[in-house]
Amino acid sequence: MRTFCRILAGLCALAAMFLGSFLAYRAWGSGLDVSYASHREEKATHTVIHKATPGHVAAMRHDDPPAGPKPGDDELFAYIRVPSWGRRYRLPVWEGTARTVLDRMGAGHYESTAMPGQIGNSSYAGHNTYADMADIRLLKPGDVVYIETSSYWYRYKVNSNPEIVDQTRTDVIDPDAAGVERGLTLQTCWPIMAGGNVTHRLIVHGGLDGWAPKTDGVPEEYAETTETAVDKVGRKVSTVSERLDMPVTGVLGFSCLACWILVSGVGWLFSRRRMVSYWHKDIGGPMTWLWRLNAGLLPSHTVVFTATRLVPYMLMWAALVLLSWRYACPPLAASGLLG
């Protein structure tokens, strides 16, 4: 009976940890795969989102911007960029705002509203997760938002504080709702991270502040001179993801798994006798079994041995979490079973 209870308790602990992993995926982890998902969509549909001319800073123009082509239903045609959220934030924009569109990792453009840069109110909606548009609550007047299309950069400046409105307020995307001739509206559900049938929306408005052809370069905020070490690592990981045709979570997960096998394998070579003795003790439970998989160095020194076991142990959990984000969490999120 005692053994059964320990196994049951361990399984409950694992279930709780998976639930935590899923919540972390919804809040943040899914954002790791946004770049891969949009890159794959571009390839599958032969969509061309031209790269800006590298090494050049584009000067914003203030005359009337050119009109881009009208995208088809569910078509990927742009990206939302917010410099204050980091240069790696690049949220895909699809035409339409149906649930099936927003669930594809990105924002949706209200079909009845203006296209980027044009007269009217160019309006977008996205999920209320941190990987999508939850952070519009942090925007303040003067903050910059870019809409990056196939051939142009459109720079908008926020001109209002975030506002919570009832879901019935469709007037927030009216042509004059932003208070300027060429406006912008970003919208998400409220409260942040709430599931189910939420009844309020968080909105923020802005106005066009300039535009530039991508052949002229990139906005100043995205110049290579402003790239940090973290940005460079993120860019290289994304490149590997695209070349392997595997989501970033998969690349990182299998990398952690390989490192865990290597590090723990070395530990087993040095500590095989002590590690085998653990498996001859009481049966334990699932959490105990996972701990026993990880070997350390210098088995004759308990402190060093235990400390070095923590390294493969953390690598193992990192691999499990990332691989759950790759294989288990996406279909679970799409099913709607957990909100």
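Note that Cβ sites are derived from N, Cα and C of the backbone, with glycine treated the same way.
Note that this is a predicted model, so its numbers are computed, not measured.
Residue density at HIS127 (active site, proton donor/acceptor): 21 other Cβ atoms are found within 10 A of its Cβ, drawing on all protein chains shown. In the three-state DSSP scheme, HIS127 (active site, proton donor/acceptor) falls into the coil class. Feature annotation from TrEMBL assigns active site, proton donor/acceptor to HIS127.
Per TrEMBL, the feature active site, acyl-thioester intermediate maps to CYS189. Of all Cβ atoms in the shown protein chains, 25 besides its own fall within 10 Å of the Cβ of CYS189 (active site, acyl-thioester intermediate). The secondary structure of CYS189 (active site, acyl-thioester intermediate), as reduced to three states from DSSP, is extended strand.
Same-chain residues lying 6 or more positions outside the signal peptide (1-26) and placing a CB less than 8 Å from one of its CB atoms are 129, 193, 282-289, 321, 324-325, 328-329, 332-333, 338. Per TrEMBL, signal peptide is recorded for 1-26.
Here the transmembrane segment (251-271) has Cβ contacts under 8 Å with residues 32, 237, 240-241, 244, 293-299, 305, 308-309, 311-312, 315-316, 318-319, 321-323, 325-326 of the same chain, all six or more residues outside its ends. Residues or ranges marked as transmembrane segment by TrEMBL: 251-271 (among others).
The transmembrane segment annotation in TrEMBL covers 310-328 (among others).
With a cut-off of 8 Å between Cβ atoms, the residues of this chain six or more beyond the transmembrane segment (310-328) that come close are 18, 21-22, 24-25, 29-30, 32-33, 247, 249-250, 252-254, 256-257, 259-260, 263-264, 267, 290-291, 293-295.
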